[in-house]
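Student: Relevant sequence annotations retrieved from Swiss-Prot are reproduced here:
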{"type": "DOMAIN", "residues": "1-53", "note": "domain 'ClpX-type ZB'"}
{"type": "BINDING", "residues": "Cys12, Cys15, Cys34, Cys37", "note": "Zn(2+) binding site"}
{"type": "BINDING", "residues": "Pro117, Thr118, Gly119, Ser120, Gly121, Lys122, Thr123, Leu124", "note": "ATP binding site"}
Amino acid sequence: MVVEADKKELICSFCSKKQHEVKKLIAGPAVFICDECIDLCTDIMKEESKVALKQITSSIPTPQKICAILNDYVVGQDQAKKILAVAVYNHYKRLEYVQSGNNDVELNKSNILLIGPTGSGKTLLAQTLAKILDVPFTMADATSLTEAGYVGEDVENILLRLLIAAEFNIAKAQKGIIYIDEVDKIARKSENPSITRDVSGEGVQQALLKIMEGTVASVPPQGGRKHPQQDFVQLDTSNILFICGGAFMGIDSIITARTNHSSIGFAANVNIDKEKNNSEILKSLEIEDLTKFGLIPEFIGRLPIVTTLDELDKDALITILTKPKNAIVKQYQKQFELDDAELVIEAAALEAIAEKALAKKTGARGLRSILEHLLLDSMYKVAELKKQRVTITKEVVNGLVEPIMTSLISTKSNKKQPIIEDIPA
């Protein structure tokens, strides 16, 4: 209801100042607000933004500490960890510098591109970084994105997910991390510009350019297409860190061709560099290789930090199964423990599981599905039987026998066996 001083002169609904006492009085639905109250609200919002940033920047660990924490969760990829740790540290120090009002040198944002085979730890690295820094984090799949106006997700929906992760705290969301997976799938279909519209390839790259570089985006809080009449949330993406990841299948051939190691011509050795795996080839990656693959130069320019991840070998996969804080085997052991049961996996069985994952070319991601398949029947039974010890041998992994189940109650010594046997050197 409009508040009036003498039924003639309007007053501010917040500070009660009369119209002639302020420079401007802005009308809203049944309320008025003066320019002084607007300035006050703006100052409060700026102060909240500073507090949110201070909470983040005051607790930024050094690159060495970030690497040490990453080592607890991610196996191998030492060079990638080092590059990520330095990049993330510098990013949040840059925010502190910008917020201080010091404009001597303009520091640009450095987004990151991770290139590595499926299951090499790209997503896990990004997730772990967000946990270390305690900032809002969201993941998006590039394959579901299309240009605005076409069937599929708009790029603004990525920002909406970040807002949801930040519980719609705009100041906090503006300092978050966005991980875009499968970014290699939005490569344009051919190296040369096409006369037909590529709405899920080059079109998506074009749509991502602005938000990755930094812009004030209009984000639909209820999703963009089903509620066209809604009010939009304004989100500044200038300080959001974008990490893109992809397997980039086939880029090794582009690199090999460029470095004159392709098997072409009479003098070429067809088996040349067979011992040289994809990880070693990727270390020779250049910007022109990404362009030839299908990323447009403007998109590559928004990702100045590029790092490659190594292909995981058998030893690395075995380590992933058992060593990290959230190791897959430890998780299944805890599941069995909740049913008063034990899970024992022999060393030879661990090797067989790793070999299966290598054969499927699924990397670390395939380990869980292999274990889930092996333990399904056992988990189905132990919930009823209780006090059971389930032993997984190499023969069980290879499908020759069923998992061995023995009663813990009937065991004479009832001595607890090692949950994971030591792997012989």
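Even glycines carry a Cβ here, placed using N, Cα and C.
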Student: To the nearest Å, how far is the Cα of Pro117 (ATP binding site) from the Cα of Cys34 (Zn(2+) binding site)?
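Tutor: With distance taken Cα to Cα, Cys34 (Zn(2+) binding site) is 58 Å from Pro117 (ATP binding site).
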Student: For Pro117 (ATP binding site), what is the tally of other C-beta atoms lying within 10 angstroms of its C-beta?
Tutor: 23
Student: Can you tell me the CA-to-CA distance separating Thr123 (ATP binding site) and Cys12 (Zn(2+) binding site), as a whole number of Å?
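Tutor: Roughly 51 Å, rounded to the nearest whole number.
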Student: Measuring Cα to Cα, how many angstrom lie between Gly121 (ATP binding site) and Cys37 (Zn(2+) binding site)?
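Tutor: Each residue's Cα considered, Gly121 (ATP binding site) and Cys37 (Zn(2+) binding site) end up 50 Å apart.
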Student: Using the Cβ centroid of Pro117, Thr118, Gly119, Ser120, Gly121, Lys122, Thr123, Leu124 as the reference point for the ATP site, which residues of the same chain not in that list have Cβ within 8 Å?
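Tutor: Neighbours within 8 Å of the Cβ centroid, excluding Pro117, Thr118, Gly119, Ser120, Gly121, Lys122, Thr123, Leu124: Gly116, Gly245, Leu309, Gly363, Ala364, Arg365.
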Student: Pop the Cα-Cα gap between Cys37 (Zn(2+) binding site) and Lys122 (ATP binding site) into the table, whole Å please.
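Tutor: If we compare the Cα positions of Lys122 (ATP binding site) and Cys37 (Zn(2+) binding site), the gap is 47 Å.
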Student: What's the CA to CA span in angstrom from Thr118 (ATP binding site) over to Cys37 (Zn(2+) binding site)?
Tutor: 54
